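Record features (TrEMBL):
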type	residues	note
BINDING	A:107, A:147, A:152-158, A:182-185, A:190, A:213, A:269-270	ATP binding site
DOMAIN	A:111-299	domain 'ATP-grasp'
């Protein structure tokens, strides 16, 4: 108990997007204060925080100053540099730990890490040159996915390679950065598990969500997922193993491919060491949302309940989807969430809505 | 639809307490911005708003300035002067309307108003002098309750008069202010209905809550209340009639006495023209809380669903009750809400928690 940040304490959030905004709301319920560090003014998160500091995410001096003014520093995105986290740690406890970021922000390290835990991943190979790529294509076959090791999200930084002759062009397309090649996995559905890990190592699992992507961006998540009880157990087992091995503190999301009829039906695709879009349904479907449990975990509090009181289908409002806001606001069957972003741009996550129905499954 | 305040619009809230804070959270979900007007720094609401203006609640020039910077002005407490509301209305739409405040902030006008709607109230008499009081005590009998007409809340501004000879002392105790005398009502339980009324007059009713008070302060609210279906219907009917007759826009709460075995089993005790403590359970028990529906109504949006997905018992944390925060945070069966107040004082509402269980009744 002695490590619990008492009410009135301050959480510092690196990142000003919608995840930071929803984390701020969760902190407000628990009597904690919030400061936001964002790289521009009028960010979604800063709109609901008493104080916001504006600075670059690589301005270590400024981030050190930010850390001085808060009790715990956390992140709403994973591509925070080790230097920035070290700077923040001079003034405050940092959670999740730097190690969780270091591994998950590098696709090669992440895949190796998961594999070493005895968990299935897509076949992969390290690719630094076009020559590496040609060799990897021979082993893994075509088509295959070439992905930069770092800074990829929402389908960015990746390209499908269809034949060995395309190797050079593909490397150019991703800017000749250090990369990995991934073999295609034949899957029937994508699922994810949001797990919270408390400071004392306790785990709390949300229900497995079934996800659909469009153009590399999550479009919907539904609970319950159409998978059986064994598979649900295994999906949670995998997420828990990963969170524990990373010595993670806070919420973490593991995206997996579900391969019907395979002996090891679940293949880990990606780890996000933070609250995740596929867990937004927990705001309306659970007593304690993923945002509340992230705040609880990093504040050293015990986790809140992760049980689901309703069925939920979360649908992202991407780009001009959000123009439907008035129609959605009039639909009693949905809970509407808008992120307060001034500019509507294609591919930008502007909000989401959750279809709620009585619990089953 | 043309009257709907679009996302990105700004709600101005007069009052910086926990109700304003929870309204700000609700506005954030809907993509609306919030500005707070409070009479001191570091208020619970200002902690979660981008901008807060500090000023007195009777500083009409400052409130007029506040109104200029927002789209809609609302209040988190009922004792706002007509002058302040008029000042705010120079720059923004004001909701609820001034009339709802004018009537409900005066116990005499409120009782007369309810009675004229054909709804039962406790027997009452206008009392301006000790002589009036003696005459009223003769008609209504003893003991009876002497209450100031204005500025009473949480049991303040009222005194029990036990015999006619106490008239002068009683008047002195309430500062010889204009008052009413209320006869005692023999009731078996207290209930309340939170109703939302949209700009177009549509009504949305939450389930009837059963309330317990201690020392004049609400201590708990539970849903479902132990009353039958007829009575539930009647309680909602009364609340709807009142909201409609006031031409209210936003959330309103009607507190009633339930008198077992009487022909008119429900007697209206008090109207609060705002979100109400006895509706806090809606945050954890409903898809759209009273706070969301207040924001929707004043923003000209259609109401969200008022249905309940869980049973709930809301318990206030008053004064040093809040010292139990760590124990409550560890109890998986409750949702904890803390208001971010720095000073714990006896009688001060510091937070609440809601016991959640699967829906019944």
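These residue numbers are counts, starting from 1, taken along the chain as shown.
Glycine is no exception: its Cβ is also placed from the backbone N, Cα and C atoms.
The shown structure was predicted, so the numbers you read here are calculated from the model rather than taken from an experiment.
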CB within-chain contacts under 8 A for residue A:269 (ATP binding site), separation at least 6: A:121, A:122, A:185, A:190, A:255, A:256, A:257
Nonlocal neighbours by CB distance (under 8 Å) for residue A:182 (ATP binding site), same chain, sequence gap 6 or more: A:122, A:123, A:124, A:140, A:144, A:145, A:146, A:147
Predicted model, mean pLDDT over the domain 'ATP-grasp' (A:111-299): 94
Which of A:107, A:156, the listed binding-site residues, has fewest other Cβ atoms within 10 Å: A:156
Cβ packing number for residue A:185 (ATP binding site), 10 Å threshold: 16
